[in-house]
Each structure stands twice: as structure tokens, then as C-alpha cells.
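Below is one structure, written out as C-alpha cells; comments come after it.
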Amino acid sequence: MSREQLVVQRAKKAFQTGKTKPLEYRIHQLKSLYRFVSERRKDIADAVKRDLNKSEHGTELFETLGLEGEINLAIERLAEWAAPRPVEKNLLTIADNVYVQPEPLGVVLIIGAWNYPWAVTLQPLVGAIAAGNAAIIKPSEVSPNSAKVMEELLPLYLDKDLYPVVTGGVSETQELLKQRFDHVFYTGSSAVGKLVMQAAAQHLTPVTLELGGKSPCYIDKNCDLAVACRRITWGKFVNCGQTCIAPDYILCESSIQNQVVEEIRKSIKEFYTDNPKTFEDYGRIINKRHFKRVMALMEGSTVVIGGESDESECYIAPTVLKDVTAESRVMQEEIFGPVLPIITVSGVDEAIQFINEREKPLVVYVFSPDNKLVRRVIAETSSGALLANDCLVHFCVSALPFGGVGNSGMGCYHGRHSFNQFSHLRSCLIKKLKLESINNMRYPPHTAIARELLKSAIRCHCCTSSSCNWVSVKIRPSGLIFC
């Protein structure tokens, strides 16, 4: 029996004891997870520094602060999230107790990503713990220092059997995916996401796929270009461009292309100085394989900002490409690096058409002071999210579901959405063994009168029923209102 099989078996056995069912136990584990993040902040920052050359402040801002917020929210709202959820009733169920009861799925697998190795691995874990599951945690082997710290230190805080950390590469992940889970949560590329879904399908296991894609950014010529380009520069080059929701490319009219370039140039200098290579808040590409991939994407395009690189340090300067076309190499895959192509379009009509001719992205960005234009982009495109006049910040709003659509993913998480994603929302109806005469209309023989009464009873769930033959009544979880 493989190591991965043993780990899954132990987790299943521990889950079957029922110890995760009480909310008190879940809250205890969530508080322990918070204590881990708080007490091991330095270990986490050091690991991310070695993996991605990210500064301690950058790690706090983009990894641990949001994670702590998610944990605190789950602790505060868990009783509300886990409570039975009453639903509207009709006349057939007027005397019954009808509600939705969230229940744990069981043993889940969380496969993390390397670009934000703590946030995108442990934030799903918050939802899994809150919902009462056991969870196998598989950090990415591409960020080995973070994976090692997680493997060594997390078991000192969480239940070792219910929440084990499994490290390793492709073969270990494949072995894990051969096991039967009750849910698989994967963050990473679309190509690997298809393999994860294929493996999960062997057991009819549902999946959440947090993927990526080429998120477009349309700039309206009438907007404040200085502000727009400042926000785009931040969103694109944070974490050296290795962010799934980073703007992948810009769409703008040719009349403002040169001004956009100059405003981005100013912002790069403001954020990262004249020499980003020596600036502590500018990171590095994760490894040489990805360095070579990103460098190759620039071939055949005109570099107007940056372009400098150092393979020995996996350094690529913040780079902007001008006059890019749909056929350019850089437009054939998600960039996931500090390279920002600019494609010129005739206006918003062509921009929308360009977006819709491609896979649905994780985010659509639009910068415009015109609310009518923004609403049009919302109405005529499809994406996991849409942001107007800013970048990335929707990730920190726990009330918003974070996730993709189509090729950019399926399922969502954050806040209550994480809890729901890791729960089975069980339909419950509790009927008393009384008032049997009311049920006569649904028992054979099915007379015409009985059929009409039955249809009316089913339809009659609000006082606006146009064809109701019964006394008009509104039935809500709070009680009955007769008209």
C-alpha cells in the first residue's frame, strides 16, 4: 500500500469517528490554523522569499493577511452558515418542517498552486474545515520551500490524521488522484485541470477547478489614463506577473497606445525604481523552465518597455509589448509573467468581439468613466468576474464568489462560498403522521377534481398566484400571511 493510500485511509477513518461534526471542534481547528499563520509568519515569509524572492511585506499583504481574514470570518459566521436554512413551502407542505441542512462531504483533496503557495492552498482549507470535512493538503512541488515548511509545521497545529500534508511531485499527485475522495479542489493550469477532472471522474468525484486564462483589459480613450495605467501596472507586475487574475493583455484604440505606454513607464519607475532587479518588492520567475517559457513568448513582438533578463536569477524586467496582433506568439497562451502586450482595436465593439472570440477568462477588466459602457461590457461578455477601474481587488472581498467559468474553471470559494463548496446542501422535509385527510388529493384514484386541487395546492406558494383556487396565502420561513 502506497504512502498516499495510507494517508487517505487514516483520514477516512478519522472522519468516520464523527469528531468533525460538532461546530466547537471545527472552530478549535480554525483557531489552531490562525495560530499557525500568526506564530509562523517569519517561517512562511522566509520560504516565500526563497521560492519567489517576495519581500516580507509582500508575503504579508498577498498571502497571510487575507488568510487570517478568511479564518476569522469563518469562526465568526460558522454557526450561521451551518444552521438549517428554511425554504418557502406550498399548501401541500404547509404544516411540515422544510429546510436545507448543510452537511460535510467527507474526505476532500486540496491541490495547491505555487504562485501564492499559502493563500491558494490554505484558503480552501478554511472552507473544508468549517464545513466539517477531513482534508488532504497537497502543496505544489514547484514552490519547494513553502511545501517543506507546510509539511513540517502545519501538523504541529492541526489534527495530523484529519488534515495531513502530502508533498511530492507529479507521481505522488497522480497516486493521490487514484484514491476515492468526496471532493477535489485544484488550483493551477487548465491543462492540468483537465487531467484532475478526468481522474476524479473515475470515482464520480465532484471538482472545483480554479484555473486561469488570458484576462483582457480594455481601456476606454475617455478615461483618466494616468490613474488607469497606474492600477494596471500594479495588477500586472505584482508577484512578477505570476498571478492568475493579472491583466494578461491590454485592448485600446491606436490613438492612445503611445500615451498608455508612457503612463505605464512612469508607474513602473514609481513602483520599482529605475532598476527593478535590485528592488526588494520586485520578485522573480519561479524557476528556469518558466523563465525560458516567458522569454520565448516575446519572440516576434516589439518591446517598448523593459525586456531585460538574467536567467541565472530568473529575472525578467517589467516588459510592455506594442502593436501585438492576435496571431503573435504571446497571445497563444496565458503569459503568467511580467510581460504586458498591447493590442489596438477600433473601439469597444471590436474589444467585445475580440474577447468573445476566445475562451472565457477568469476576469474581464474595463477602465472607463462611462457607466453605460461598463454595463455593456458586463452584458455582452462572460467571465469569472468583471472589474471596472481597478485590478485584483475583488479577491479580497469575501462576499464575492471567486472562480472561473468555462476554460477558466468551475466552482468558487471565499467566505460563505467556501463553506457551501465543501458542503452537501441536503434537502429535508419532516412531516407529521397527522392530517392524513389533506393527502387524499394525491392518492389514487386520481379524479379530475383531485388533480385540479393538487395543481392549485402546488402552485399556491405566494399571494400573486393568478390561477389559485385556494385562499390566497404567502408562505415564508417566518410564517404565514393570509390575504
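Cβ from N, Cα, C; glycine included.
So that you can see what the record holds, here are the features copied from TrEMBL:
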{"type": "DOMAIN", "residues": "7-426", "note": "domain 'Aldehyde dehydrogenase'"}
{"type": "ACT_SITE", "residues": "Glu210", "note": "active site"}
{"type": "ACT_SITE", "residues": "Cys244", "note": "active site"}
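Mean model confidence for the domain 'Aldehyde dehydrogenase' (7-426) is a pLDDT of 97. Rounded to the nearest whole angstrom, the C-alpha distance between Glu210 (active site) and Cys244 (active site) is 9. Note: Cys244 (active site) has non-local neighbours Ala113, Asn115, Thr187, Glu210, Leu211, Gly212, Phe336, Leu362, i.e. same-chain residues 6+ apart with C-beta under 8 A of its own C-beta. Summarising the environment of Glu210 (active site), the number of other Cβ atoms within 10 Å of its Cβ, over all protein chains shown, is 26.
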